[in-house]
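Peer 1: The structure is given below, and queries will be raised subsequently.
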């Protein structure tokens, strides 16, 4: 097994397989021990490599992770973006290759400055800190792509109880630390005191996670609210077709008119497929209907505004009836809602001319939505995958709401991964979440991240259920990731300093 730690294709191919196997730890497969195993394979594989060799080992791991975990983007490129199969594959491979550098650069840094083979305990701690750094970085750089975090594997696992303490990143840190410590236990046997410390660091987080699993950090702020979430199941190639807009508006109107009386009536992202000012008459009619039933209607709708004498378009949510507020999406999907370098790319390839791919970013510090006297934190599609961003809104809310249109990704695992991340946000915040989508999965999620009721994908239906507004803050909403970030910064700073001192002695 020495070839695992040595340079060459056998080790690189194993890293590729390890990265790909992470997919099986996440939804919909949920074989969570594979998250620890895949990280352990990468950690072991870096032990004897030069910085350049470690960089490529990390690159292959990242390529495997994204290649297996985000292949479903092909559906939006080919089926809805107009790219030929060959072009879609080429674009997708380039996408995987670029994202793989999120692992290549940290592994180069690890081998160049941070690796401490002579100090196995410190080495494991620093590796976990670096793992957290790379997850945070890939959720931030160039607006971020915070997908496939290792911590999501624990939504139903023993570490789920850590989510309200430090979010998904605390779980990812724990998984990386566990993997590295397991690899190093045999090297600590000659030093009983260090072995004892390592054993505590290995077992304590898992014990704490199990002990806190199911612990209620928040309490009800009022009586349960009755909810109806409509899943229209509109085909993506018809959604923005002017000839089918009236039929879509009629669909949501008729399903709402025939629904049971509820407190909150929720439609998915861009359920109203025309600009809000153009559809205001329709929205007013639906608002009067909702008010007559003592309901609040919440729907996705594109919004047009004049900003500094410039016309801008936003992906939005608006509330009418017994509620108020409009929210404009802040976290946009690259190439889906805006095109980087659009002067160069637009027109060059049909894929970059997708409908509604010229949205502007909504302003920060927007007020939350209000409905039935409660504050609702809104997340439009992609926004729910950003842990810190989501926590900022959740801390001011009584209830969470996410609306989405995952039709872009067809019958793939992408929407199920998206659902898992929404469940983690509910668990981190200790709040109920309403999830309304065009074609699934529409669901209600409790404060422990559990789905209480849902509609199967690709069905036109109305989901009924109850949610409870919650108050008080989980530790994660109070402190976010700052305590963990400080610990990791100290660990990495110590490793850098220790390495420099060692080289001068």
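Note that Cβ sites are derived from N, Cα and C of the backbone, with glycine treated the same way.
The feature transmembrane segment is assigned by Swiss-Prot to 23-43, 58-78, 85-105, 125-145, 162-182, 192-212, 482-502. Annotation source Swiss-Prot lists domain 'CN hydrolase' at 230-469, citing sequence analysis. Residues or ranges marked as active site, proton acceptor in Swiss-Prot: 269. Sequence annotations record features per position, and here Swiss-Prot assigns active site to 329. Per Swiss-Prot, the feature active site, nucleophile maps to 381.
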Peer 1: Taking 3+ C-beta pairs under 8 angstroms (sequence gap of 6 or more) as contact, is the transmembrane segment (162-182) in contact with the transmembrane segment (23-43)?
Peer 2: yes
Peer 1: Are there any residues in the same chain, six or more apart in sequence, whose C-beta is under 8 angstroms from the C-beta of the residue listed as 'active site', and if so which?
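Peer 2: Looking at Cβ-Cβ distances below 8 Å from the residue listed as 'active site', excluding near sequence neighbours, one finds 314, 315, 316, 337, 359, 361, 362, 380, 381, 383.
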Peer 1: Given pairs 6 or more apart, does the transmembrane segment (482-502) have at least three Cβ pairs under 8 Å with the transmembrane segment (85-105)?
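Peer 2: Answer no, regions not in contact.
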Peer 1: Counting every protein chain present, what is the number of Cβ atoms, excluding its own, within 10 Å of the Cβ of residue 269 (active site, proton acceptor)?
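Peer 2: I get 24 for this one.
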Peer 1: Please figure out which one of 58-78, 85-105, 125-145 racks up the most CB pairs under 8 Å against the transmembrane segment (23-43).
Peer 2: 58-78
Peer 1: With H, G and I counted as helix, E and B as strand and the rest as coil, say where DSSP puts residue 269 (active site, proton acceptor).
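Peer 2: In the DSSP reduction, residue 269 (active site, proton acceptor) maps to coil.
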Peer 1: Run through the Cβ atoms and count how many others sit within 10 Å of the one on the residue listed as 'active site, nucleophile'.
Peer 2: 25
